[in-house]
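Trainee: Structure in structure tokens, see below.
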Ligand SMILES: Nc1ncnc2c1ncn2[C@@H]1O[C@H](COP(=O)(O)OP(=O)(O)O)[C@@H](O)[C@H]1O
Ligand SMILES: [Mg+2]
């Protein structure tokens, strides 16, 4: 049952996915826009291409003739995926899922309009004038995001009318892709936010949910994540129903990171990634019977997953670079290694820039241990590391 997998995007999430695939004898070609990307270091073969270039993508797919295409990022010419599906290649989880989530509009309209799932009030704008109208429609404060962006790029909050022009210009700068369009959505006053990792399976097997993951965001990227997050019974039922609906509509088998805001008035769907989620790196702390990468792989290969169980409480805290550089070295590994119930990953990225995620610190303890304590320990562990470059 050795399958050939083309992994599109070779970052730290891809790296853990490749390791999971290697462990059960799969064959992986890792693709990214630069050489020696994390997942390439553990794959059988690698390719360096611009994944937004459809011709380049076609060339790689024709060359390797994979059984599976596994996207790890959004910035891919996903329109081509429908054609690959026609050729009999399985796009993970489906061409539709990858294509709908590369643009915030498709997935938001699917959830809010087609499926009637609760989201923040929103509008779209293709110009500064339209944005002014949109802000009136959804009210202030509100959040502006380019439709094609991730990691908080080009995203800002409008509190007063005088912020609108700044927000438009910032979104234009942070936008990826050829069309400049933004979504403006009402600011949701959430008390917490979670990722609900949702696993869809082939052969009529049920959709499974991981225990909810809490996280804290700064500058558009997560800083700490923990599992399990405290979520009321009502909220978890509501979130699971929403996640089931939207993942079913997208189709295919694999893991989805479904993001929700929890408020006093209930759960709001925010966005979704049809692949392992960065906040799900907490599962590398052994919090579950299978980590999120193993779950993704098993679902893709149609290996039945009987259950997902919480084995430990855990937390992850990111290790960031502070400046631009190459061939980074890490100081403090001996200190972090000394800590009990602690682990770490260094991704092996060849270059640094301010705030680039270079590694992650993990802490765990038995189920039932107060999660705040575990988060604090993961944070202190991450703080022991200095990235020099
Ligand atoms: N409407 C909103 N109200 C309040 N906070 C928001 C809203 N939209 C986004 N955020 C905050 O910004 C973070 C990043 O936004 P998100 O839509 O997930 O973009 P990205 O694709 O960059 O992850 C969220 O996790 C949340 O903390
Ligand atoms: Mg997000």
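Including glycine, each Cβ sits where the backbone N, Cα and C put it.
These figures come from a predicted structure and were not determined experimentally.
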Trainee: Can you find which of 4, 349 TrEMBL lists as binding N(1)-(5-phospho-beta-D-ribosyl)glycinamide at the same site as 12, 13, 72, 278, 356, 357?
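Mentor: Between 4, 349, TrEMBL records just one in the N(1)-(5-phospho-beta-D-ribosyl)glycinamide site with 12, 13, 72, 278, 356, 357, namely 349.
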Trainee: TrEMBL has 145, 150, 151, 152, 153, 154, 155, 185, 186, 187, 188, 193 binding ATP. Which one of 104, 118 is in the same site?
Mentor: 104
Trainee: Do you know which of the binding-site residues 12, 150, 152 end up with C-beta under 6 Å from ligand 1?
Mentor: 150, 152
Trainee: So which of 72, 152, 185, 259, 271, listed as binding-site residues, have a Cβ under 6 Å from an atom of ligand 2?
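Mentor: Going through 72, 152, 185, 259, 271 in sequence order, those close to ligand 2 turn out to be 259, 271.
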Trainee: Using Cβ-Cβ distances, find the residues under 8 Å from residue 356 (N(1)-(5-phospho-beta-D-ribosyl)glycinamide binding site) that belong to the same chain and are at least 6 apart in sequence, listing them in sequence order.
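Mentor: Looking at Cβ-Cβ distances below 8 Å from residue 356 (N(1)-(5-phospho-beta-D-ribosyl)glycinamide binding site), excluding near sequence neighbours, one finds 320, 321, 349.
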Trainee: For residue 72 (N(1)-(5-phospho-beta-D-ribosyl)glycinamide binding site), what is the tally of other C-beta atoms lying within 10 angstroms of its C-beta?
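Mentor: Other Cβ atoms within 10 Å of residue 72 (N(1)-(5-phospho-beta-D-ribosyl)glycinamide binding site): 26.
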